[in-house]
Amino acid sequence: STMRERKATDSLHSSTDLTEGKEKLRLKQEVGLISGVSLIAGTMIGSGIFMSPEWVLHHMGNPASSLLIWATCGLLAMFGALSYAELGTIIKESGGEYIYILRIFGSFPAFLFAYTSVILVRPAGLAAVCLSFAEYAIAPFYPGCSSPQVAIKCAAAACILILTIINCLNVRLATSVMNIFTAAKLLALLVIVVGGLVLLAKGQTQSFQNGFQGTTAGIGAVGVAFYQGLWSYDGWNNLNYVTEELKKPEVTLPRALMIAIPLVTCLYLLVNVSYLAAMTPSELLSSGAVAVTWGDKVLGSWAWLISLSVALSTFGSSNGTFFSGGRVCYIAAREGHMPDILSMAHVGCLTPSPALLFTSAMSLIMIISGNFTSIVNFFSFMAWLFYGMTISGLLYLKIKKPELPRSYKVPIIIPIIVLMAAVYLVLAPIIDQPQIEILYIILFIFSGIIFYFPLVHFKYHPRFLQRVTLHLQLLLEVAPTTRDAN
(Lines of atoms letter the chains of each structure in order from A and count residues from 1; the text may use other names and numbers.)
(Lines give C-alpha, C1' and ligand atoms only; values in the text may rest on other atoms or scores of the structure.)
Protein backbone atom coordinates (compact mmCIF):
# COMPACT_ATOMS: atom_id res chain seq x y z
CA SER A 1 0.00 0.00 0.00
CA THR A 2 1.03 3.57 -0.59
CA MET A 3 0.56 4.53 3.05
CA ARG A 4 1.02 2.49 6.19
CA GLU A 5 -0.36 2.78 9.71
CA ARG A 6 2.07 1.89 12.47
CA LYS A 7 1.26 1.48 16.13
CA ALA A 8 3.28 3.17 18.87
CA THR A 9 3.37 -0.03 20.94
CA ASP A 10 5.58 -1.88 18.48
CA SER A 11 7.40 1.14 17.10
CA LEU A 12 10.82 0.03 18.28
CA HIS A 13 10.52 -3.54 17.04
CA SER A 14 8.91 -3.41 13.63
CA SER A 15 11.09 -3.94 10.56
CA THR A 16 10.97 -4.38 6.82
CA ASP A 17 13.06 -7.12 5.29
CA LEU A 18 14.90 -7.12 1.99
CA THR A 19 15.84 -10.24 0.01
CA GLU A 20 13.26 -12.40 1.80
CA GLY A 21 14.10 -11.36 5.33
CA LYS A 22 17.85 -11.98 5.22
CA GLU A 23 18.99 -8.37 5.10
CA LYS A 24 17.65 -5.21 6.72
CA LEU A 25 18.14 -1.73 5.31
CA ARG A 26 18.60 1.11 7.78
CA LEU A 27 20.33 4.47 8.12
CA LYS A 28 23.79 4.27 9.67
CA GLN A 29 24.76 5.65 13.10
CA GLU A 30 27.38 8.06 11.78
CA VAL A 31 26.86 11.15 14.01
CA GLY A 32 29.20 11.42 17.03
CA LEU A 33 29.73 14.22 19.56
CA ILE A 34 31.86 16.44 17.29
CA SER A 35 29.46 16.01 14.36
CA GLY A 36 26.54 16.61 16.75
CA VAL A 37 28.02 19.90 17.97
CA SER A 38 28.78 20.83 14.35
CA LEU A 39 25.20 20.02 13.30
CA ILE A 40 23.74 22.27 16.01
CA ALA A 41 26.27 25.13 15.90
CA GLY A 42 26.72 24.83 12.14
CA THR A 43 22.99 25.13 11.50
CA MET A 44 22.43 27.89 14.06
CA ILE A 45 25.29 30.04 12.75
CA GLY A 46 23.99 30.70 9.28
CA SER A 47 22.31 33.70 7.76
CA GLY A 48 20.70 35.10 10.91
CA ILE A 49 23.66 36.76 12.60
CA PHE A 50 24.55 38.44 9.29
CA MET A 51 21.00 39.44 8.27
CA SER A 52 18.86 39.83 11.44
CA PRO A 53 20.74 42.40 13.65
CA GLU A 54 19.34 45.38 11.74
CA TRP A 55 15.78 44.02 12.03
CA VAL A 56 16.07 43.34 15.78
CA LEU A 57 17.41 46.89 16.25
CA HIS A 58 14.67 48.28 13.99
CA HIS A 59 11.88 46.70 16.07
CA MET A 60 13.45 47.40 19.50
CA GLY A 61 14.53 50.99 18.81
CA ASN A 62 17.96 51.04 20.51
CA PRO A 63 21.20 49.02 20.90
CA ALA A 64 20.89 48.01 24.57
CA SER A 65 17.40 46.52 24.28
CA SER A 66 18.37 44.75 21.04
CA LEU A 67 21.34 43.11 22.84
CA LEU A 68 18.92 42.09 25.61
CA ILE A 69 16.74 40.41 22.97
CA TRP A 70 19.76 38.51 21.61
CA ALA A 71 20.71 37.28 25.09
CA THR A 72 17.12 36.28 25.91
CA CYS A 73 16.82 34.41 22.60
CA GLY A 74 19.97 32.43 23.47
CA LEU A 75 18.60 31.57 26.92
CA LEU A 76 15.28 30.52 25.42
CA ALA A 77 17.03 28.33 22.81
CA MET A 78 19.05 26.69 25.61
CA PHE A 79 15.91 26.02 27.69
CA GLY A 80 14.13 24.60 24.64
CA ALA A 81 17.10 22.38 23.77
CA LEU A 82 17.39 21.01 27.34
CA SER A 83 13.67 20.18 27.27
CA TYR A 84 14.09 18.40 23.95
CA ALA A 85 17.09 16.51 25.33
CA GLU A 86 14.83 14.84 27.92
CA LEU A 87 12.27 14.01 25.21
CA GLY A 88 15.07 12.53 23.09
CA THR A 89 16.14 10.20 25.90
CA ILE A 90 12.53 9.03 26.50
CA ILE A 91 11.56 8.59 22.82
CA LYS A 92 14.75 7.41 21.09
CA GLU A 93 13.50 7.86 17.55
CA SER A 94 14.39 10.31 14.80
CA GLY A 95 11.86 12.90 13.69
CA GLY A 96 11.99 15.65 16.33
CA GLU A 97 8.66 17.32 17.07
CA TYR A 98 6.83 15.00 14.70
CA ILE A 99 7.69 11.78 16.51
CA TYR A 100 7.13 13.34 19.96
CA ILE A 101 3.67 14.67 19.01
CA LEU A 102 2.81 11.28 17.45
CA ARG A 103 3.82 9.23 20.50
CA ILE A 104 2.24 11.62 23.05
CA PHE A 105 -0.84 13.11 21.35
CA GLY A 106 -1.60 10.58 18.62
CA SER A 107 -1.90 10.34 14.87
CA PHE A 108 -4.07 13.34 13.88
CA PRO A 109 -2.02 16.23 15.40
CA ALA A 110 1.19 14.50 14.27
CA PHE A 111 -0.13 14.34 10.71
CA LEU A 112 -1.00 18.07 10.77
CA PHE A 113 2.54 18.81 11.95
CA ALA A 114 4.12 16.59 9.29
CA TYR A 115 1.88 17.99 6.55
CA THR A 116 2.74 21.59 7.51
CA SER A 117 6.42 20.95 8.22
CA VAL A 118 7.19 18.89 5.12
CA ILE A 119 5.35 21.13 2.68
CA LEU A 120 5.98 24.57 4.20
CA VAL A 121 8.04 25.03 7.39
CA ARG A 122 11.24 23.11 6.60
CA PRO A 123 11.40 24.14 2.92
CA ALA A 124 10.78 27.77 4.01
CA GLY A 125 13.68 27.65 6.46
CA LEU A 126 15.99 26.16 3.84
CA ALA A 127 14.87 28.69 1.22
CA ALA A 128 15.54 31.64 3.56
CA VAL A 129 19.08 30.46 4.36
CA CYS A 130 19.87 29.76 0.70
CA LEU A 131 18.59 33.20 -0.34
CA SER A 132 20.93 34.85 2.16
CA PHE A 133 23.79 32.64 0.92
CA ALA A 134 23.07 33.79 -2.63
CA GLU A 135 22.90 37.46 -1.63
CA TYR A 136 26.40 37.37 -0.11
CA ALA A 137 27.89 34.98 -2.69
CA ILE A 138 27.08 37.17 -5.70
CA ALA A 139 27.53 40.59 -4.00
CA PRO A 140 31.21 40.87 -5.13
CA PHE A 141 30.06 40.56 -8.77
CA TYR A 142 27.86 43.68 -8.44
CA PRO A 143 30.05 46.24 -6.62
CA GLY A 144 28.40 49.53 -5.77
CA CYS A 145 24.84 48.39 -6.56
CA SER A 146 22.26 45.90 -5.35
CA SER A 147 22.29 42.43 -6.91
CA PRO A 148 19.43 41.59 -9.30
CA GLN A 149 16.75 39.32 -7.82
CA VAL A 150 16.99 36.88 -10.73
CA ALA A 151 20.70 36.31 -10.05
CA ILE A 152 20.07 35.87 -6.31
CA LYS A 153 17.33 33.31 -6.87
CA CYS A 154 19.36 31.37 -9.44
CA ALA A 155 22.32 31.18 -7.05
CA ALA A 156 20.01 30.03 -4.21
CA ALA A 157 18.54 27.33 -6.46
CA ALA A 158 22.05 26.15 -7.40
CA CYS A 159 22.91 25.96 -3.68
CA ILE A 160 19.90 23.69 -3.03
CA LEU A 161 20.79 21.40 -5.95
CA ILE A 162 24.41 21.02 -4.73
CA LEU A 163 23.18 20.23 -1.20
CA THR A 164 20.78 17.64 -2.62
CA ILE A 165 23.64 15.83 -4.37
CA ILE A 166 25.89 15.91 -1.24
CA ASN A 167 23.19 14.62 1.11
CA CYS A 168 21.92 11.94 -1.28
CA LEU A 169 25.40 10.53 -1.85
CA ASN A 170 26.60 9.83 1.68
CA VAL A 171 25.77 10.68 5.31
CA ARG A 172 29.46 10.85 6.21
CA LEU A 173 30.09 13.28 3.34
CA ALA A 174 27.24 15.52 4.58
CA THR A 175 28.58 15.50 8.18
CA SER A 176 32.12 16.18 6.93
CA VAL A 177 30.84 19.22 5.04
CA MET A 178 29.14 20.36 8.27
CA ASN A 179 32.33 19.97 10.31
CA ILE A 180 34.52 21.85 7.79
CA PHE A 181 32.09 24.73 7.28
CA THR A 182 31.41 25.04 11.02
CA ALA A 183 35.15 25.53 11.62
CA ALA A 184 35.27 28.14 8.81
CA LYS A 185 32.31 30.13 10.12
CA LEU A 186 33.61 30.10 13.72
CA LEU A 187 36.87 31.56 12.39
CA ALA A 188 34.95 34.28 10.50
CA LEU A 189 32.96 35.22 13.63
CA LEU A 190 36.16 35.33 15.69
CA VAL A 191 37.61 37.85 13.19
CA ILE A 192 34.53 40.08 13.69
CA VAL A 193 34.70 39.65 17.49
CA VAL A 194 38.42 40.52 17.69
CA GLY A 195 37.88 43.51 15.37
CA GLY A 196 35.09 44.76 17.64
CA LEU A 197 37.21 44.37 20.79
CA VAL A 198 39.99 46.41 19.15
CA LEU A 199 37.48 49.17 18.29
CA LEU A 200 36.14 49.20 21.86
CA ALA A 201 39.69 49.40 23.23
CA LYS A 202 40.19 52.48 21.02
CA GLY A 203 37.14 54.11 22.66
CA GLN A 204 34.46 53.64 19.98
CA THR A 205 31.58 53.24 22.44
CA GLN A 206 29.24 56.01 21.26
CA SER A 207 26.54 53.52 20.17
CA PHE A 208 26.19 52.30 23.77
CA GLN A 209 25.64 55.71 25.37
CA ASN A 210 22.00 56.20 26.45
CA GLY A 211 21.52 52.61 25.27
CA PHE A 212 17.89 52.15 26.38
CA GLN A 213 16.64 55.52 25.07
CA GLY A 214 13.64 55.10 22.72
CA THR A 215 12.91 51.45 23.55
CA THR A 216 9.84 50.04 21.77
CA ALA A 217 6.98 49.17 24.13
CA GLY A 218 4.48 47.37 21.84
CA ILE A 219 4.13 43.62 22.50
CA GLY A 220 3.75 42.92 18.77
CA ALA A 221 6.99 44.75 17.86
CA VAL A 222 8.86 42.89 20.63
CA GLY A 223 7.38 39.61 19.35
CA VAL A 224 8.59 40.30 15.80
CA ALA A 225 12.05 41.28 17.17
CA PHE A 226 12.09 37.89 18.92
CA TYR A 227 11.14 36.22 15.61
CA GLN A 228 14.16 37.78 13.90
CA GLY A 229 16.49 36.98 16.82
CA LEU A 230 15.24 33.42 17.28
CA TRP A 231 15.63 32.83 13.55
CA SER A 232 19.39 33.20 14.15
CA TYR A 233 19.19 30.54 16.87
CA ASP A 234 17.03 28.17 14.86
CA GLY A 235 18.71 24.78 14.69
CA TRP A 236 18.91 24.20 18.47
CA ASN A 237 16.55 21.24 17.99
CA ASN A 238 18.19 19.72 14.90
CA LEU A 239 19.92 16.83 16.68
CA ASN A 240 16.52 15.47 17.74
CA TYR A 241 15.67 14.92 14.07
CA VAL A 242 18.50 12.40 13.65
CA THR A 243 18.40 10.55 17.01
CA GLU A 244 18.57 7.12 15.33
CA GLU A 245 21.77 8.19 13.53
CA LEU A 246 23.53 9.27 16.75
CA LYS A 247 26.21 7.20 18.42
CA LYS A 248 25.04 6.67 22.06
CA PRO A 249 22.15 9.19 21.79
CA GLU A 250 21.46 9.24 25.55
CA VAL A 251 24.97 10.70 26.10
CA THR A 252 25.68 12.52 22.82
CA LEU A 253 22.39 14.48 22.66
CA PRO A 254 22.59 16.40 26.00
CA ARG A 255 26.37 16.92 25.75
CA ALA A 256 26.26 18.33 22.22
CA LEU A 257 23.50 20.77 23.23
CA MET A 258 25.34 21.97 26.33
CA ILE A 259 28.49 22.67 24.31
CA ALA A 260 26.99 24.19 21.14
CA ILE A 261 24.27 26.58 22.34
CA PRO A 262 26.22 28.56 25.02
CA LEU A 263 29.10 28.84 22.50
CA VAL A 264 26.78 30.28 19.83
CA THR A 265 25.05 32.65 22.29
CA CYS A 266 28.36 34.17 23.46
CA LEU A 267 29.53 34.59 19.86
CA TYR A 268 26.26 36.27 18.82
CA LEU A 269 26.43 38.81 21.65
CA LEU A 270 30.07 39.65 20.92
CA VAL A 271 29.40 39.96 17.17
CA ASN A 272 26.49 42.35 17.81
CA VAL A 273 28.70 44.43 20.10
CA SER A 274 31.33 44.50 17.32
CA TYR A 275 28.74 45.70 14.75
CA LEU A 276 27.64 48.50 17.08
CA ALA A 277 31.25 49.49 17.83
CA ALA A 278 31.96 49.88 14.09
CA MET A 279 28.64 51.51 13.12
CA THR A 280 26.15 53.94 14.59
CA PRO A 281 22.61 52.56 15.01
CA SER A 282 21.43 54.59 11.99
CA GLU A 283 24.26 53.18 9.84
CA LEU A 284 23.41 49.65 10.95
CA LEU A 285 19.72 50.17 10.13
CA SER A 286 20.52 51.44 6.63
CA SER A 287 22.90 48.56 5.87
CA GLY A 288 21.56 45.93 3.49
CA ALA A 289 24.25 43.45 4.58
CA VAL A 290 25.52 44.25 8.07
CA ALA A 291 28.63 42.05 7.99
CA VAL A 292 29.78 43.50 4.64
CA THR A 293 29.35 47.08 5.92
CA TRP A 294 31.38 46.09 9.00
CA GLY A 295 34.09 44.67 6.73
CA ASP A 296 34.23 47.85 4.63
CA LYS A 297 34.68 49.97 7.75
CA VAL A 298 37.14 47.77 9.66
CA LEU A 299 39.05 45.61 7.16
CA GLY A 300 39.29 48.01 4.23
CA SER A 301 40.73 46.25 1.18
CA TRP A 302 40.32 42.88 2.92
CA ALA A 303 36.53 43.34 3.21
CA TRP A 304 35.96 40.69 0.53
CA LEU A 305 36.95 38.09 3.16
CA ILE A 306 33.73 38.84 5.04
CA SER A 307 31.53 38.23 1.96
CA LEU A 308 33.36 34.95 1.38
CA SER A 309 33.05 33.93 5.04
CA VAL A 310 29.32 34.72 5.16
CA ALA A 311 28.74 32.74 1.96
CA LEU A 312 30.61 29.76 3.45
CA SER A 313 28.70 30.14 6.73
CA THR A 314 25.27 30.20 5.13
CA PHE A 315 26.15 27.28 2.84
CA GLY A 316 27.15 25.20 5.89
CA SER A 317 23.94 26.20 7.68
CA SER A 318 21.90 25.26 4.60
CA ASN A 319 23.53 21.83 4.67
CA GLY A 320 22.54 21.31 8.33
CA THR A 321 18.97 22.48 7.69
CA PHE A 322 18.69 20.19 4.67
CA PHE A 323 20.23 17.22 6.53
CA SER A 324 17.66 17.38 9.36
CA GLY A 325 14.69 18.64 7.31
CA GLY A 326 14.76 15.65 4.97
CA ARG A 327 14.55 13.35 8.00
CA VAL A 328 11.15 14.76 9.06
CA CYS A 329 9.72 13.85 5.66
CA TYR A 330 11.36 10.40 5.83
CA ILE A 331 10.10 9.57 9.36
CA ALA A 332 6.56 10.83 8.63
CA ALA A 333 6.40 8.58 5.56
CA ARG A 334 7.72 5.64 7.60
CA GLU A 335 4.83 6.16 10.06
CA GLY A 336 2.24 6.13 7.26
CA HIS A 337 1.59 9.89 7.16
CA MET A 338 3.25 10.50 3.81
CA PRO A 339 3.52 8.45 0.59
CA ASP A 340 5.54 5.26 1.06
CA ILE A 341 8.20 6.27 -1.46
CA LEU A 342 9.39 9.03 0.91
CA SER A 343 10.15 6.44 3.64
CA MET A 344 12.64 4.55 1.50
CA ALA A 345 16.45 4.74 1.39
CA HIS A 346 18.94 4.26 -1.43
CA VAL A 347 20.13 0.67 -1.45
CA GLY A 348 23.75 1.66 -2.08
CA CYS A 349 24.21 5.04 -0.38
CA LEU A 350 21.92 4.31 2.62
CA THR A 351 20.48 7.85 2.55
CA PRO A 352 16.77 8.84 2.51
CA SER A 353 17.13 10.21 -1.03
CA PRO A 354 13.41 10.39 -1.99
CA ALA A 355 12.64 12.50 1.10
CA LEU A 356 15.64 14.73 0.38
CA LEU A 357 14.58 15.19 -3.25
CA PHE A 358 11.05 16.14 -2.17
CA THR A 359 12.36 18.69 0.38
CA SER A 360 14.61 20.11 -2.34
CA ALA A 361 11.69 20.51 -4.77
CA MET A 362 9.52 22.31 -2.18
CA SER A 363 12.40 24.65 -1.28
CA LEU A 364 12.91 25.58 -4.93
CA ILE A 365 9.23 26.58 -5.14
CA MET A 366 9.67 28.76 -2.01
CA ILE A 367 12.70 30.50 -3.53
CA ILE A 368 10.78 31.39 -6.68
CA SER A 369 7.87 32.95 -4.76
CA GLY A 370 9.32 34.48 -1.56
CA ASN A 371 11.80 36.96 -0.01
CA PHE A 372 13.99 36.65 3.10
CA THR A 373 12.11 38.77 5.67
CA SER A 374 8.60 37.48 4.90
CA ILE A 375 9.83 33.86 4.89
CA VAL A 376 11.50 34.33 8.32
CA ASN A 377 8.38 35.76 10.01
CA PHE A 378 6.17 33.11 8.43
CA PHE A 379 8.60 30.32 9.42
CA SER A 380 8.93 31.55 13.03
CA PHE A 381 5.18 31.78 13.67
CA MET A 382 4.57 28.20 12.53
CA ALA A 383 7.70 26.80 14.21
CA TRP A 384 6.85 28.21 17.65
CA LEU A 385 3.27 26.99 17.36
CA PHE A 386 4.56 23.41 17.15
CA TYR A 387 7.43 23.95 19.61
CA GLY A 388 4.78 24.91 22.17
CA MET A 389 2.76 21.77 21.44
CA THR A 390 5.88 19.59 21.82
CA ILE A 391 6.90 21.20 25.12
CA SER A 392 3.36 20.71 26.49
CA GLY A 393 3.82 17.01 25.62
CA LEU A 394 6.99 16.90 27.74
CA LEU A 395 5.12 18.49 30.67
CA TYR A 396 2.40 15.85 30.27
CA LEU A 397 5.02 13.05 30.43
CA LYS A 398 6.74 14.59 33.46
CA ILE A 399 3.47 14.87 35.40
CA LYS A 400 1.54 11.79 34.21
CA LYS A 401 4.35 9.35 33.30
CA PRO A 402 7.23 9.98 35.74
CA GLU A 403 8.07 6.25 35.74
CA LEU A 404 9.24 6.25 32.10
CA PRO A 405 13.01 5.54 31.89
CA ARG A 406 15.09 8.59 30.98
CA SER A 407 18.84 9.13 31.29
CA TYR A 408 18.46 12.91 31.59
CA LYS A 409 15.87 15.05 33.42
CA VAL A 410 15.32 18.78 33.00
CA PRO A 411 13.84 20.79 35.94
CA ILE A 412 10.10 21.27 35.30
CA ILE A 413 10.34 25.08 35.52
CA ILE A 414 12.43 25.16 32.29
CA PRO A 415 9.78 23.64 29.94
CA ILE A 416 7.13 25.81 31.67
CA ILE A 417 9.16 28.95 30.75
CA VAL A 418 9.58 27.72 27.15
CA LEU A 419 5.84 27.01 26.86
CA MET A 420 4.97 30.51 28.13
CA ALA A 421 7.42 32.02 25.63
CA ALA A 422 5.91 29.96 22.79
CA VAL A 423 2.38 31.13 23.68
CA TYR A 424 3.60 34.75 23.74
CA LEU A 425 5.42 34.44 20.40
CA VAL A 426 2.35 32.95 18.72
CA LEU A 427 -0.26 35.31 20.20
CA ALA A 428 1.60 38.66 20.51
CA PRO A 429 1.81 39.51 16.76
CA ILE A 430 -1.82 38.35 16.26
CA ILE A 431 -3.13 40.56 19.10
CA ASP A 432 -0.97 43.62 18.39
CA GLN A 433 -0.90 43.67 14.57
CA PRO A 434 -3.21 41.04 13.08
CA GLN A 435 -2.27 40.18 9.49
CA ILE A 436 -4.25 38.24 6.88
CA GLU A 437 -1.21 36.02 6.22
CA ILE A 438 -1.53 34.46 9.69
CA LEU A 439 -5.12 33.46 8.86
CA TYR A 440 -3.86 31.84 5.65
CA ILE A 441 -1.25 29.89 7.64
CA ILE A 442 -3.86 28.59 10.12
CA LEU A 443 -6.21 27.64 7.27
CA PHE A 444 -3.36 25.77 5.56
CA ILE A 445 -2.59 23.79 8.74
CA PHE A 446 -6.22 22.66 9.06
CA SER A 447 -6.51 21.94 5.33
CA GLY A 448 -4.58 18.79 6.23
CA ILE A 449 -7.91 17.35 7.43
CA ILE A 450 -8.89 16.92 3.77
CA PHE A 451 -6.02 14.46 3.28
CA TYR A 452 -5.87 12.85 6.74
CA PHE A 453 -9.26 11.15 6.92
CA PRO A 454 -9.39 9.46 3.49
CA LEU A 455 -5.69 8.61 3.14
CA VAL A 456 -4.58 7.89 6.73
CA HIS A 457 -7.64 7.25 8.91
CA PHE A 458 -9.70 5.27 6.37
CA LYS A 459 -6.59 4.02 4.51
CA TYR A 460 -7.89 4.74 1.02
CA HIS A 461 -5.01 3.98 -1.32
CA PRO A 462 -5.59 4.81 -5.01
CA ARG A 463 -4.15 2.10 -7.26
CA PHE A 464 -2.40 4.60 -9.52
CA LEU A 465 -0.32 5.77 -6.52
CA GLN A 466 0.84 2.20 -5.97
CA ARG A 467 2.03 2.02 -9.58
CA VAL A 468 3.75 5.40 -9.28
CA THR A 469 5.51 4.20 -6.11
CA LEU A 470 6.76 1.06 -7.84
CA HIS A 471 8.13 2.97 -10.85
CA LEU A 472 9.80 5.57 -8.61
CA GLN A 473 11.33 2.80 -6.50
CA LEU A 474 12.93 1.28 -9.60
CA LEU A 475 14.02 4.66 -10.98
CA LEU A 476 15.60 5.90 -7.72
CA GLU A 477 16.97 2.48 -6.63
CA VAL A 478 15.40 2.70 -3.18
CA ALA A 479 13.88 0.16 -0.76
CA PRO A 480 11.87 0.21 2.52
CA THR A 481 13.85 0.61 5.75
CA THR A 482 13.67 -0.59 9.32
CA ARG A 483 14.15 1.41 12.53
CA ASP A 484 17.36 1.09 14.45
CA ALA A 485 16.09 -0.02 17.85
CA ASN A 486 18.12 1.85 20.46
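Just so it is clear, glycine is given a Cβ too, placed from its N, Cα and C backbone atoms.
These features come from TrEMBL:
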TRANSMEM  31-52  transmembrane segment
TRANSMEM  64-85  transmembrane segment
TRANSMEM  97-118  transmembrane segment
TRANSMEM  154-174  transmembrane segment
TRANSMEM  180-201  transmembrane segment
TRANSMEM  256-278  transmembrane segment
TRANSMEM  302-323  transmembrane segment
TRANSMEM  344-369  transmembrane segment
TRANSMEM  375-397  transmembrane segment
TRANSMEM  409-431  transmembrane segment
TRANSMEM  437-458  transmembrane segment
Inset, instruction - Flag the pair the transmembrane segment (409-431) / the transmembrane segment (64-85) as in contact if three or more Cβ pairs fall under 8 Å (sequence separation 6 or more). - result: yes
Inset, instruction - Tell me, please, if the transmembrane segment (31-52) and the transmembrane segment (302-323) are in contact, taking contact as 3+ Cβ pairs under 8 Å between residues separated by 6 or more positions? - result: yes
Legend entry - Segment-segment contact (the transmembrane segment (344-369); the transmembrane segment (180-201)) at 3 or more Cβ pairs under 8 Å: no
Inset, instruction - Count the Cβ pairs between the transmembrane segment (256-278) and the transmembrane segment (97-118) that lie under 8 angstroms and are 6 or more residues apart in sequence, then report whether there are at least 3. - result: no
Legend entry - Candidate ranges 180-201, 302-323, 375-397, 437-458 - greatest C-beta contact count to the transmembrane segment (154-174) (under 8 angstroms): 302-323
Inset, instruction - May I ask for the residues of the chain that lie six or more residues beyond the transmembrane segment (437-458) and have a Cβ under 8 Å from a Cβ within it? - result: 3, 5, 107-108, 111-112, 115-116, 120, 336-337, 378, 381-382, 429-430
Legend entry - Dominant neighbour of the transmembrane segment (375-397) in 64-85, 180-201, 302-323, by Cβ pairs under 8 Å: 64-85
Inset, instruction - Residue list, the transmembrane segment (64-85) vs rest of chain: Cβ under 8 Å, 6 or more residues beyond ends. - result: 40, 44, 53, 56-57, 96, 208, 211-212, 215-216, 222, 225-226, 229-230, 232-233, 236-237, 240, 253-254, 257-258, 261-262, 264-265, 268-269, 272-273, 387, 390-391, 394, 408, 410, 414-415, 417-418, 421
